[in-house]
Amino acid sequence: MKTERVNVNVNNQPYPIYIGENLLQDKSLLQRHVKGRQVMIVSNETIAAFYLDPLKAIYQDFQCDTFILPDGEQYKTLEYWERILHKLACNHHRDTTLIALGGGVVGDITGFAAACYQRGVDFIQVPTTLLAQVDASIGGKTAVNHPVGKNLIGAFHQPKAVIIDLNTLNTLPEREFKAGMAEIVKAALIKDEKFFTDLENKMSDLLQRNFIFLQAVIKRAAEIKRDIVNADEKERSGERALLNLGHTFAHAIERLLGYGQWLHGEAVSAGLVLAAQLSHRKNLLDFESLQRICRLLTQISLPIHFPKSINADELLSAMYMDKKVANERLHLILLEDLGHAVVSDQVDDRELKSFLENG
C-alpha cells in the first residue's frame, strides 16, 4: 500500500499527515521531524503495551524518556498535565520533541504540555484510534478537562507531523473503532454530500477494517478538516466552528454522565442526530436526510438518542458551559443539507428546552 500524504499549512507553518501501513517501523520517517536529540513519548497503559517498545527502539540513539498515563478521559486533567511538565523539567531542553502515542486523550494532553513547556516545544502526533486519526490529532487544538466542562483549559499548538499507522487499528477494540466512525460521518455532514453517500455504500467494508477503504476515508476526513483549519485556525471567522457539529450536545452528555461512561464518539453520534433533528424542526433539513443520518449511525451501532438518565434542564444547563457560547448566546451548528453545515445563534432557550423535552 502506498503511503498517502495530506499537507496542512496553518499560518505558513506547514506539516504533513502520513497515512499508511507499518509506519511505526519507518525509522527515517519517525526521526525526520525531530530536530534535537531528546524525545519524550507520552502514551497510556493499553497502547504502551502494544507499541511503546518498537517506538523507543526507533529513538535508541536519542535521549528517550516516557510518560505513561492511566487509560481514560477522566485522566485528561491538570494534575496529569502537570506531572508531564515536571518530568520534562528534570532534564529536557527547548529543542526536545514530545511524541503523543495514543488516542485523543493522549494527543490532547501531550499537545497542551508541548504548548506550555518553555513557552512551546515541538510535538508529533502518532494517533492509534480511529477518532484521533480523523479528528483529534489534526488542527492543533490541545486541552485538558475541568470539572465544569470538557476541554476548557488549553491552547492552539500545531504538531510537526501526524503519523497514522493503519496497523494500530488492528488492536483497537470494536467499541472504540465504531466510536471513531462518528467523526468521519461528521466530516461528511459538514462539507461533502458525496463523501456521505460513499460512507453509506462502503460502511460494511469499513466496519470489517478494510485498509484500502479506511485509508481513503481517513484521508478524505483529514482533507476536510485540513481545509477548514487552514482557513480558520482559531475559530475567528466561524469556519472552524463547523467542526463542532453535534459537539455542544456531546460535551454536555459526556460531562453529565461522567467522563468515560460514554466514549466521545458515542456522544458525538447522539449529538449529530440532535443537531439534525433540530435542523429539521427549524425547516432547514429535509426528513429524508434526517432519516439517512439515523440509518447510517444505526448501521454502525452508535447511539442516536441521548441517555434517559439526563433531563432537558440538565442538558441545557451543561450546554451553556460549552465553549460555543458568545455574548451569552448559544451558537449551534445546524444542517441545511447533507454536506452543508451552518453556524446559528437563532435558537433561544425556550425553543431548545421544548425540543429537548419533546423532540
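Cβ atoms are placed via backbone N, Cα and C, with glycine included.
If you draw a 10 Å sphere around the CB of Gly104 (NAD(+) binding site), it holds 23 other CB atoms from the protein chains shown. The NAD(+) binding site annotation in Swiss-Prot covers 71-76, 104-108, 128-129, Lys141, Lys150, 168-171.
If you draw a 10 Å sphere around the CB of Glu183 (Zn(2+) binding site), it holds 26 other CB atoms from the protein chains shown. Sequence annotations record features per position, and here Swiss-Prot assigns Zn(2+) binding site to Glu183, His247, His264 based on sequence analysis.
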Please list residues from the chain of Gln74 (NAD(+) binding site) whose Cβ is under 8 angstroms from its Cβ, counting only those at least six apart in sequence. Gly258, Tyr259, Gly260
Just going by other Cβ atoms within 10 Å, which of the binding-site residues Thr168, Thr171 has the emptiest spot? Thr171
Excluding Glu183, His247, His264, which residues of the same chain place their Cβ within 8 Å of the centroid of the Cβ atoms of the recorded Zn(2+) site? Leu131, Asp135, Ala182, Lys186, Gly246, Ala250, Gly265, Ala267, Val268, Gly271
Closest to Asp71 (NAD(+) binding site): which of the binding-site residues Glu183, His247, His264, going by Cα position? His264
Roughly how many Å separate the Cα of Thr129 (NAD(+) binding site) from that of His264 (Zn(2+) binding site), to the nearest whole number? 12
Distance, Gly104 (NAD(+) binding site) to His247 (Zn(2+) binding site) (CA atoms, angstrom): 15
Which number gives the other C-beta atoms within 10 angstroms of the C-beta of His247 (Zn(2+) binding site), all protein chains shown included? 26
